[in-house]
Each structure stands twice: as C-alpha cells, then as structure tokens.
Amino acid sequence: MASAPTSKYNSHSLENESIKRTSRDGVNRDLSETVPRLPGETRITDKEVIYICPFNGPIKGRVYITNYRLYLRSLETDSALILDVPLGVISRIEKMGGATSRGENSYGLDITCKDMRNLRFALKQEGHSRRDMFDILTRYAFPLAHSLPIFAFLNEEKFNVDGWTVYNPVEEYRRQGLPNHHWRITFINKCYELCDTYPALLVVPYRASDDDLRRVATFRSRNRIPVLSWIHPENKTVIVRCSQPLVGMSGKRNKDDEKYLDVIRETNRQISKLTIYDARPNVNAVANKATGGGYESDDAYHNAELFFLDIHNIHVMRESLKKVKDIVYPNVEESHWLSSLESTHWLEHIKLVLTGAIQVADKVSSGKSSVLVHCSDGWDRTAQLTSLAMLMLDSFYRSIEGFEILVQKEWISFGHKFASRIGHGDKNHADADRSPIFLQFIDCVWQMSKQFPTAFEFNERFLITILDHLYSCRFGTFLYNCESARERQKVTERTVSLWSLINSNKDKFKNPFYTKEINRVLYPVASMRHLELWVNYYIRWNPRIKQQQPNPVEQRYVELLALRDEYIQRLEELQLAGSAKLAEPSTSPAGPSPMMPHVHTHF
C-alpha cells in the first residue's frame, strides 16, 4: 500500500456514507484504491468486520487502522460505503456482547465519537479478533495513556504557507494602535511567572507599574489579572478580561485591585462608571464565595457597575450537548422535533452567550464605558464573550486570517483549556473537565454568518474544518491548555498549524458573497425565533436528512466570478500583444498605424 505524497483526506466530510451500484462487471472500483495516508501516517493493522450502519443495516467491510485514522471500506458489491475517522475523534471504546452472545452481530465494539456520532462493529468470536482490535484502537486513540506521542508530532505534511506566523501579538496590538499614551505592552509574564496560563506579552494601563500588577495578581483567581483585549479605534473605550476576585465568604478587599480598576476606567477619560460583566448567573457567583471566589461588590468598587449575564457553567453545557446528540443521532424523531430540541436547552445557551456579547459590544461601541469581562477563571465564558464582541465590533476579525488571529489570541494564547475540555489523546471520557465551550463559540459565529451573509470572508466549510481538527489531533493548533505548556513541548517547531492547511487553499473556504466593510458593527438578533440548529454540523452524518445543497445563486455567482477573471486575463493578454505590436518598428510608414484591439466584456 503506497503512501500518498499528498493528503486525499477531506476534513469537511470526515465520513462519506453513500450507497452506490457497482459497474457492470461486478467489480467494486473503490477496492482498487489505496487507503489514504498522510506523510508520517503508518498502517498498524486491518481486519474484516461487519459495520452496523444505523441507516443502511449491517455492511461487510474491511477496517484499516493507522496511527492516525480508522478507515473502513465496504466489501459488498452493491455498496461503496467508506468511513474515514481520525482516531482523535474517538471518545470511548467499549466491548459489546460476551462469549455467550448468540444474536447476529451482537459481539464486537461500540465506539463513541466526539463529533456527534457512534460507530458499531461486529466481529467473529473466534481468534481474539475483538481483543486485538480493541487493544490497537485503545492504544492509538488514547496515546497519552500508553506513553505514545499524539499524531500531530508525527505528521510530516508540508504546506506552502506557515500557519504559525499568522498571529504575532505585537503586530496585532499595533494594528489596534497600541501601545499609546494610556496603554503599554509589558513583558512581566515573559517567563510565565506572574500567571502561568496567560500569554508572555500583555497590554496594561500605562499608569500601572509591574509591581502594581503583582499585587493585583494576588487578588485574582489563578493570578489572571485584568488585561486589555481590544480598544475602540475612535472613542478609545476598551474590552478588558480577567478572572473573578478572591473575595471569599468574609468579603475580603484589596485596595490595589480597586485602584487598578479605577485606572482602567480613567484611561479614556470617562466620567461614567466602569462596566463589569460577570458571565455567571448571580447565584453561582455568590456560591463561588464559599470556595474563595466572588465578585466586585458596590461598596468596594464605587466606580464600577456590575451585571450578571446568566451563562451557565461547563457542566451544564456538556449535559446540554449530550441531549442534542440523543435527538440527532442516529435517528431524528420528526413528530416531536421542536419539543425535543427545546428540552436540550442548547439554543437557549447560544442565545445567552450571544446576548452577553451584544451587551459588551454595544457598551463599547457607544463610547459610554469601558468593559471588564470575567467568569470564574476567565478562560471559558470570558473567551466566548470577548471574542464574539470583538467579532461584532471589528470587521478585521471577519476575514479568514483575522478570524484565525482572533482564535489564536483570545482562545489559544489566553489559556482556554483545550486539552482538558476536549481530552486530546486521553482515555478518561467521563472527565468532569470536558465541555463543548469552543464548539458553542463556533456555533455562535455560524448563527451570525446566517444573519449577515455578506459580512464574513469565510464560509461554513471553514467553521466545520476548524471543529473537525479541534478533535483530529492532526495539527498542533489546539493542543495543550496554555501557551507556557506549548512552549515547553515546542509545539510550533514540532507540529503543523491548522492555518497552514487552510491558508494554502483559501479559495475552498471563501464566501463568494463577502463584501469588505470597515467599521461596521454587527448586532445579531439573539431571539429564539432567529436562532436555529446547525443541521449541516450536528446532523451531517444522517444521509436521510438531506444536506443543504450549495445555494444555486451562490453557485452561479462563483461561476460569474470565474468568468470575469477569465475575461480580465484575456484582456491583459490582448493589451500585452497590442503593446508589443506598437513597439515594433513600422516596415510600411505609409500604412495605417496599428490599432489597440477593442475588447467588449460584460464586466
């Protein structure tokens, strides 16, 4: 089996379930193809199995397992089914049936995936075939439990663009006009001594010394002090992020923290109070006092105004997504669809996250007040709110590279715990730290793109590709919990960036209707009537739910753009030819002078 020099792997559709007729000679043409392999991907084993397809019944096939993927090809003459599943997507592997199982196809493996599907394989009871497959899958799907490297460290793909150069914090802050007279860049955290989950480079008030920052850090959970995320180019109000203050049951105060928040308030010479958005429900924030946390009270922070946004914690979000999976896979119950969807509360949570981000964006856009955002530790709900508000306020983040910078900055560099929330290479599927916080953010972005179809340079495929590789472990982009851990593991030197894949083939991910607009603020409607379940992501594995075909208007528009480019190229060629003729010495002075060809186009 030859290793393919370039990847045939299509992340937009990780599974291709199509039932097709074979050719007249009865040969399944798919069987002649090699199993796709990435550079650095090695075959471990292959085995004959029965795939218990929830949509088309049992299908006999051969499963190939590599150190990166599980690949199944049908062996039946009337089926061309292919499954292509990165092992990083697997959450749990269980044995089904025992030695005494007598039912047909009742003995085998049950595989739970992180991307809204399950896989079931029946195997022969003799010859330890199940044990072998279980051991190999467990070993390579959960490499951390077996002292093996995650596949991203073995991936040898080469792209013509280096995605690791996309985000440079100094350049991004310079784009925002920073540093200025009120805000400075500090390297106090360059060795991650102030806060081990923050990036090395931070933007803080000019009037706050590094010693002030150290004192403030003692009063903020995990030392995550208030630092600047974004500044408004005109009114100079800012979005600042941090973690909860360590107030505790006794109502402790910290004069340095109180003074620091006042300095932030005064940076744009505002006379109104600093607005603090606490992402949590009020009752949760009060309960956090029992574990040493809390919130900014009126009597301690006289010049601040506090609002609770009622967004629930990671555990509530995890249970909500489980309920979504129950109603979309494998079967969609049409008769009770709306009540079933409502019972998951998923869209309700999407609504609350969007509503909170709208409030942050509106407050900053109005110029009335700077905004401080936090939740408990400042790496889950805080990242959702700051990044969505920045997406609404700043059109730069709505471009492909701008969005990549937004994700690198607000999520990856500021310590969203990707390793804990996703569980890369980890077998502990019941870990209470697992939660779909980043998926929820991408869902919110998709909701915005539906309401503003011309505002985003990227398309739906771009968002789905990001989510697929959030789990796949093919790239180093989402590995580990924070920047300091990535530096220790030399992730940028030893792995490939997801942005390399995307930016080397941008046309696949472009929205043809994109219209670049500067300084347009987007305010999505966050009412339940305007939000919808993202069918092309959550229900994409079900062949009976007709996938939304490309919009015919969009298709025609793409064709017209290609035609326009063709005409422009032809025009340039004719102009060059005409220029060359004009430059030639005239052999017949009495003859008419050469004329520039006149080209008519529809554009």
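If you go along the chain as it appears here, the first residue is 1 and each next one adds 1.
Positions of Cβ are set from backbone N, Cα and C atoms, glycine also.
Taken from TrEMBL, the feature compositional bias 'Polar residues' applies to 1-13. Look at TrEMBL and you will find 1-34, 579-603 tagged as region 'Disordered'. If you look up TrEMBL, you'll see 14-32 marked as compositional bias 'Basic and acidic residues'. Residues or ranges marked as domain 'Myotubularin phosphatase' by TrEMBL: 163-538. The substrate binding site feature in TrEMBL is assigned to Asn313, Ile314, Cys375, Ser376, Asp377, Gly378, Trp379, Asp380, Arg381. Annotated domain 'Tyrosine specific protein phosphatases' per TrEMBL: 344-406, in sequence order. Marked as active site, phosphocysteine intermediate by TrEMBL: Cys375.
Structure coloured by features recorded in TrEMBL.
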residue	record	Cβ neighbours (10 Å)
Asn313	substrate binding site	17
Cys375	substrate binding site	28
Asp377	substrate binding site	19
Trp379	substrate binding site	25
Arg381	substrate binding site	29
Just to be sure I understand, if DSSP states are collapsed into helix, strand and coil, how many residues of the domain 'Tyrosine specific protein phosphatases' (344-406) fall in each?
46 helix, 4 strand, 13 coil
Express in Å, rounded to the nearest integer, the largest CA to CA distance found among the substrate-binding residues Asn313, Ile314, Cys375, Ser376, Asp377, Gly378, Trp379, Asp380, Arg381 named in the record.
12
Averaging the per-residue pLDDT over the domain 'Myotubularin phosphatase' (163-538), what integer do you get?
96
Neighbours of Asn313, Ile314, Cys375, Ser376, Asp377, Gly378, Trp379, Asp380, Arg381 excl. site residues, C-beta within 8 Å of centre, substrate:
Ala279, Thr382
